[in-house]
């Protein structure tokens, strides 16, 4: 655990991966369309093309209009360079969600949100960009707030030419901080140390299992990604087990991300991880049930987001077992919860 933050730039990612065709793609009632609006704004239009009302999780997803989470992915240089994301990635406590954490869409209904991409991405150099939205959106049945599954979504490719000077004038969703002292003291410090120790143990065990191909098809859809899965998990184990880590750990809320049901969040551009109050009050040190949430796998989840640990950092393509296992192989390989769920499964022999 490190006291001063380290700034890092998100590493290159493949445009081909973002735009690849998923041969296992499932039918979905969701239609997502992106359209340019002004210099750097993107209008996102979500339509329910199904025959029944949908109760979709908005908290922490691309539908979230409060938290500065990644709503679209942007690529430059003809699609070869992923644009650095400057917001936060969160892990939610998936039990005890509230009705206002969801968006209800009747059959045929449309919801529109506007995303100011310059507030969340590094666009000051300007140029040509390709924009996507793709993942699995968790839902609850009827008026329930208990997650029941996930629905795939994939937008069109939106090509934009952005004026860098104009984009640079847009206020950032998160203000940069040069140094933030750790507030993990007393019992919180003890809890975080235990979580990181367990994180290192679980990540090491999961890395060994991945090398052997154990359970990979369930959580990552293929065994061909074994070396990448294992390498990321080994990097996480190293960081969780180090006293001179590549991430900064904090127990207060300097970026105001600890809203209801947020267990922890990471600011990837700073390799900065914050553990929220419910991380300490609502989670066990280690889960005793398959796919259960705990402090160890929450730490592991957040560590995978940090590009300073393993580059590029992961996305939040799908929360929870249902959403994570609905992802394509490429999406799962870059999904934080897939690693957390996999580590849990190896630990408990699920």
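Just so it is clear, glycine is given a Cβ too, placed from its N, Cα and C backbone atoms.
Listed in Swiss-Prot for this protein:
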type	residues	note
ACT_SITE	302	active site
BINDING	301, 305, 316	Zn(2+) binding site
DISULFID	184-251	disulfide bond
DISULFID	258-276	disulfide bond
SIGNAL	1-18	signal peptide
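Distance noted between the C-alpha atoms of residue 276 (disulfide bond) and residue 305 (Zn(2+) binding site) is 16 Å. Here the recorded positions are 302, 316, and the one with the most other Cβ atoms within 10 Å of its Cβ is 302. Of all the recorded positions given, namely 301, 302, 316, none has its Cα within 10 Å of the Cα of residue 184 (disulfide bond).
Least crowded of the binding-site residues (301, 305), judged by neighbouring Cβ atoms within 10 Å of its own Cβ: 305. In this structure the C-alpha atoms belonging to residue 305 (Zn(2+) binding site) and residue 258 (disulfide bond) are separated by 17 Å. Of all the recorded positions listed here (251, 258, 316), 316 has the Cα closest to the Cα of residue 302 (active site).
With a cut-off of 8 Å between CB atoms and residues at least 6 apart in sequence, the same chain places 265, 274, 276, 277, 278 near residue 258 (disulfide bond), listed in sequence order. Excluding the listed site residues 301, 305, 316, the same chain places 89, 90, 91, 266, 302, 304, 314, 315, 335, 336, 337, 340 with Cβ atoms within 8 Å of the centre of the Zn(2+) site Cβ atoms. Cα of residue 251 (disulfide bond) to Cα of residue 316 (Zn(2+) binding site): a span of 22 Å. Neighbour counts of Cβ atoms within 10 Å were compared for the disulfide-bonded residues 184, 251, 276, and the top value is held by 276.
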